[in-house]
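According to TrEMBL, the feature compositional bias 'Basic and acidic residues' maps to 1-20. The region 'Disordered' feature in TrEMBL is assigned to 1-22. As annotated by TrEMBL, domain 'DNA-directed RNA polymerase RBP11-like dimerisation' applies to 71-143.
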């Protein structure tokens, strides 16, 4: 792997060191980021990207006082996957005037979501409605996927049995 150009300010990634997590916890994959000039080093463990530390909050709400009926939510250990899904569902909500999210930095596993409503319901209530809708949709997808998988498995088993009875093996 070629090293990135020193003038670009890019970061070098060192991957694949198995080690013990601080405190003697189970072995986890450790990643290291180093600026090419060697000044800054950032090490983290792979599971830090999605597992909350003790006492760390998954979601915090801050009421935005500069805009009426607006709240800012910070989601820890999440990324574009959830941010985009929530934003698109919130935009379809009849009481939501504006919904948008941003990821502050690709190496920081968190995003910020801003929701403004018409005042009939709170941004938090709209967020909860969107979460329920997403969970329901994902449940339907799971059910349909499982049904299709089982049907294809039965068809394959039937074809295999039929080929065995007729002696079509070479």
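Quick reminder: no glycine exception, Cβ is built from N, Cα and C everywhere.
Across the domain 'DNA-directed RNA polymerase RBP11-like dimerisation' (71-143), DSSP classifies residues as 33 helix, 22 strand, 18 coil. Across the domain 'DNA-directed RNA polymerase RBP11-like dimerisation' (71-143), the prediction's mean pLDDT works out to 96.
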